[in-house]
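In Swiss-Prot this protein carries:
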SIGNAL    1-34  signal peptide
TOPO_DOM  35-155  topological domain 'Extracellular'
CARBOHYD  Asn104  N-linked glycosylation site
CARBOHYD  Asn111  N-linked glycosylation site
COMPBIAS  203-217  compositional bias 'Polar residues'
Amino acid sequence: MGPPSASPHRECIPWQGLLLTASLLNFWNPPTTAKLTIESMPLSVAEGKEVLLLVHNLPQHLFGYSWYKGERVDGNSLIVGYVIGTQQATPGAAYSGRETIYTNASLLIQNVTQNDIGFYTLQVIKSDLVNEEATGQFHVYQENAPGLPVGAVAGIVTGVLVGVALVAALVCFLLLAKTGRTSIQRDLKEQQPQALAPGRGPSHSSAFSMSPLSTAQAPLPNPRTAASIYEELLKHDTNIYCRMDHKAEVAS
């Protein structure tokens, strides 16, 4: 009679035990909680606009939360506090009237200014009175600052170039018009007869202009000479008539 065979249920394989132990450890290991974070929407905001400090991974079983201006929790920098049980918000020393806190702990800041630039700290108070904090920040810029969009810069450059071109065209037009007018006047002057120099001959203009002067400068006749001429005219020459009669008789 042979030896009794060993029961297979009594054998223990080592690697199966290790797998079972690892499974139990994974089952009892609590999941890792996500870290509380703050996201600025947007990160860079124009002056006069609004920004939202959005909270991610907010823990459960909270008593309340508070917002502070800066990187640390300080009573003098408290903006607003919120109690979940009473749903009551209490403003702090740093409250400006432009902040709004929501039930999910997010903070809205309206009409931002340059003084709002910097860090903001959120403190959440759990039911077991264990606090957790997170910090976020945002930037503020002026809308009319030099950092303009590419489209706006291109539009400004195009407008300047068009204006310069129009001014240049206007200047060229005025120069051409002035040059043409000068050329026409020069041609008209060349077509007109040139006046003779003094002593080279009279012209119509010179004759008319000088005639009064010549009349004024002409010597007046001597009164005695005029009387002698008048006396000669009064004398009758009878010999003339005699000669005329004599010639008539000869002809007959």
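Cβ from N, Cα, C; glycine included.
The DSSP secondary structure for Asn111 (N-linked glycosylation site) is coil. The DSSP secondary structure for Asn104 (N-linked glycosylation site) is coil. On a Cα basis, Asn104 (N-linked glycosylation site) lies 22 Å away from Asn111 (N-linked glycosylation site). The helix, strand and coil residue counts that DSSP assigns across the topological domain 'Extracellular' (35-155) are 12 helix, 58 strand, 51 coil.
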